Amino acid sequence: MSTPRPVLVVDFGAQYAQLIARRVREAKVYSEIVPHTMSVAEMLAKNPAAIVLSGGPASVYAPDAPRIDAGMFDAGVPVFGICYGFQAMAQALGGTVAKTGNREYGGTPLHTRPEAGVLLRDLPDDLPVWMSHGDCVTEAPAGFTVTAESAGAPVAAFEDLAGRRAGVQFHPEVGHTAHGQEMLTRFLYDIAGIEPTWTSENIIDEQVARIREQVGDKEVICGLSGGVDSAVAAALVHKAVGDQLTCVFVDHGLLRAGEAEQVEKDYVAATGIKLKVVDAQERFLGALAGVTDPEQKRKIIGREFIRVFEAAAREIAAHGDVEFLVQGTLYPDVVESGGGAGTANIKSHHNVGGLPEDLKFALVEPLRTLFKDEVRTLGLQLGLPEAMVWRHPFPGPGLAIRIIGAVDEERLAVLRKADLIARQELSAAGLDRGVWQFPVVLLADVRSVGVQGDGRSYGHPVVLRPVSSEDAMTADWSRLPYEVIARISTRITNEVAEVNRVVLDVTSKPPGTIEWE
Ligand code: XMP
């Protein structure tokens, strides 16, 4: 099975392209993001099923505002313009875009026309939509029907069904637009005539076929971190080539309670994967002894990880013909690193680019076209443990960067207990999926006075750092219910003897990062 014809989402440089591409995938249609600098000929060479022009600068009159080559519209490919893409499309096709200076920003009422075409058919006459524009389209291009208006946009949506083209001034991809996903879906199915075939079964079949083709009868290795990406990538490769795959799990002793067991027992039981566990806890703790500087910690962990992984890889390679290494690179990494072919930037110390020449592997990256939510769906489909599939992101250097001060076994044990309580209470409150990440941080070099039982205590504080985020680039502190925070606090101070104070971090990112180190 080959990759389906893509819906190309043309990125005009704002934050919207990835979100649109995800929404298209939610409609079970394969999408790819391309830069607006790509020529129309190159876009057409990808044989697109449709083209979506995304949001971008506020105005087509903005200095250096990117234009659309009108040739795009001669090729007969269905086109959907959104926000800036809508204005640029109107302009390219001979409509009028007026520089009104009338801004509409945020939730805005949209009035649909009775002859509402296909996108807005049978939707309420008045709809709340998300707007973000200065200029507006005042006259639709010839052949287009105007299907909606708002106070600041006399032409807020238009369609040319015969030409399979449509556009909207607002953002259908954001949750604040009522029925937005339905509009996008109608464009894809009813205007562009695309079939919804991008399902997890098809993705798995396609990837399995590709992996078999790439790997042939050679051996493959994969480093498991305990996170969902490497777990799903390995499971896919295992489905494709079975025991030609050997996984390596380096237990650096910096994982949270239960996580090493999850990999060594539950994951292996669920997949039947051949796993080599390297217990390197002493080695990592030895190398970290007395180190307090965060960057130094990261460097040491990265260095040790590569050494341990390399030794394991050599042992495995000694028995077989290992040519390939699996990486759990996701689509956003590919897009952010320029989207080109070849190796995407691999984050942190999981980058094994530092392996010596005689251990150079070709990469197998079965998640390269996928978003995180798709990876999770695949994980469930492949039968992975739910706890692993839904695990919050966790940094490679693990608890070492959540202990402020030097890392040792005792401190790790304290933090593990506190962290487990926080995770248990978050889950019990049914809030796991409402939170992006929930670091618990031990201020190991700080003590404060407390009173516990009959006596004075002089213990350590822990910081609760629950955050909400879309992509970890920016974040806000999660407004967890007070009762949940209270339960976590009470349990930690009761059950973890070394901790006598629990504080809540109420800093957004920026200025704070998610992790404390
Ligand atoms: P910050 O703390 O920079 O974190 O806001 C952003 C995201 O990256 C994770 N993180 C790391 N992940 N190696 C990793 O693999 C690291 O050294 C590292 N440092 C931070 C962090 O948990 C958050 O999801």
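One-based numbering along the chain as shown.
Keep in mind that glycine also has a Cβ here, set from the backbone N, Cα and C atoms.
Note: TrEMBL annotation is automatic and uncurated.
Sequence-distant contacts (6 or more apart, same chain, Cβ under 8 Å) of CYS83 (active site, nucleophile) comprise TYR16, SER54, GLY55, GLY56, SER132, HIS133, VAL168, GLN169, PHE170, HIS171. Marked as active site, nucleophile by TrEMBL: CYS83.
In the three-state DSSP scheme, HIS171 (active site) is classed as coil. As annotated by TrEMBL, active site applies to HIS171 (among others).
Sequence annotations record features per position, and here TrEMBL assigns active site to GLU173 (among others).
The ATP binding site annotation in TrEMBL covers SER225, GLY226, GLY227, VAL228, ASP229, SER230, ALA231. For the recorded site, VAL228 (ATP binding site), the DSSP three-state label reads helix. The Cβ of VAL228 (ATP binding site) has 23 other Cβ atoms within 10 Å, all protein chains considered.
Feature annotation from TrEMBL assigns domain 'GMPS ATP-PPase' to 198-391.
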* **Cβ neighbour count (within 10 Å, all chains shown) around GLY227 (ATP binding site)** => 19
* **When distances run from the Cα of GLU173 (active site) to each of the binding-site residues SER225, GLY226, GLY227, the nearest one** => GLY227
* Asked: In the same chain, outside SER225, GLY226, GLY227, VAL228, ASP229, SER230, ALA231, whose C-beta lies within 8 angstroms of the Cβ mean position for the ATP site?
  -> LEU224, VAL232, GLY328, MET388, ARG391
* Structure fact -> Taken over the domain 'GMPS ATP-PPase' (198-391), the predicted model's pLDDT averages 90
